[in-house]
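Input: a single structure, listed below in structure tokens.
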Amino acid sequence: MSVQLTNRSKPVDRRPMNWVERMYLVNIFKGMAITLKHFFKKKPTVQYPEETRPFSKVFRGLHILNRDEEGRERCTACGLCAVACPAEAITMEAAERQEGEENLYREEKYAAKYEINMLRCIFCGYCEEACPKDAIYLSQTFTPSNYTRKGFIYKKEDLLIPNPLTDPEGFKKAQGEIQQAKETI
Ligand code: SF4
Ligand code: SF4
């Protein structure tokens, strides 16, 4: 005696097929109708990477290090971002600004070395919240793939936004991203 576990069981039709059924024409047309129905529907997929979807406003991606309007680095190597980072992804080395370097660094102390390990980072945004100098933000760009672990360690040169004196367009674009990040903090 068979016991039914659910009421969704379907009795199987085991009678021999007639010649019309053996040609499978009805089933072929049924399948074609389903294909045709989907053919005219709006595609849920996009042709990545030529086409991309807009990110959510609160998306947190790759970090950027900010400069001021004169192109000077804002980071003063205070280390607050590294302390706030739960993944211990940030490392830096501080250095004293020398005479004549006022056009390069905004504060008397600056980050001679600044690195973020993107394999450790969980993109929580704590670093940008901790920064008192308006120096670090998470952009709307996601970290590109790489073949080596080393390639995921981003140095200061990789993170700094373009200098407004040499690339005003790039600086303006980066400021747009920073503004968007500020609105979502
Ligand atoms: S986003 Fe979070 S995990 Fe990534 S570096 Fe900043 S504080 Fe660390
Ligand atoms: S990014 Fe901000 S918090 Fe981090 S070291 Fe520089 S100034 Fe300090």
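Placed from the backbone N, Cα and C atoms, the Cβ positions cover glycine too.
Automatic, uncurated: that is what TrEMBL annotation is.
The domain '4Fe-4S ferredoxin-type' annotation in TrEMBL covers 66-95 (among others). Using a Cβ-Cβ cut-off under 8 Å and counting only residues 6 or more beyond its ends in the same chain, the domain '4Fe-4S ferredoxin-type' (66-95) has close neighbours at 102-118, 120-122, 124, 126-137, 160-161, 163-166, 171, 174, 178.
Residues annotated as [4Fe-4S] cluster 1 binding site in TrEMBL: C75, C78, C81, C131. In the structure as shown, the Cβ atom of C78 ([4Fe-4S] cluster 1 binding site) sits within 10 Å of 18 other Cβ atoms.
Listed in sequence order, the residues of the same chain lying 6 or more apart from C124 ([4Fe-4S] cluster 2 binding site) and placing their CB within less than 8 Å of its CB are R60, P86, A87. Among the features that TrEMBL reports, [4Fe-4S] cluster 2 binding site is placed at C85, C121, C124, C127.
Among the features that TrEMBL reports, domain '4Fe-4S ferredoxin-type' is placed at 112-141 (among others). Remote same-chain residues near the domain '4Fe-4S ferredoxin-type' (112-141) are listed as 55, 59-66, 73-78, 80-95, 106, 149, 152-156, 159, 174, 177-178, 180-182, 185 (criterion: CB distance under 8 Å, separation of at least six residues from the stretch ends).
Helix, strand and coil content of the domain '4Fe-4S ferredoxin-type' (112-141), in residues and according to DSSP, is 5 helix, 9 strand, 16 coil. In three-state terms derived from DSSP, C81 ([4Fe-4S] cluster 1 binding site) belongs to a helical segment. Listed in sequence order, H63, C81, A82, A84, C85, I90, I136, L138 are the same-chain residues six or more apart from C127 ([4Fe-4S] cluster 2 binding site) with CB atoms under 8 A from its CB. Taking the binding-site residues C75, C81, C121 in turn, the residue surrounded by the fewest other Cβ atoms inside 10 Å of its Cβ turns out to be C121. Take the mean position of the Cβ atoms of C85, C121, C124, C127, the recorded [4Fe-4S] cluster 2 site; other residues of that chain with a Cβ within 8 Å of it are C81, A84, P86, A87, A89, I90, I116, I122, F123, G125, Y126.
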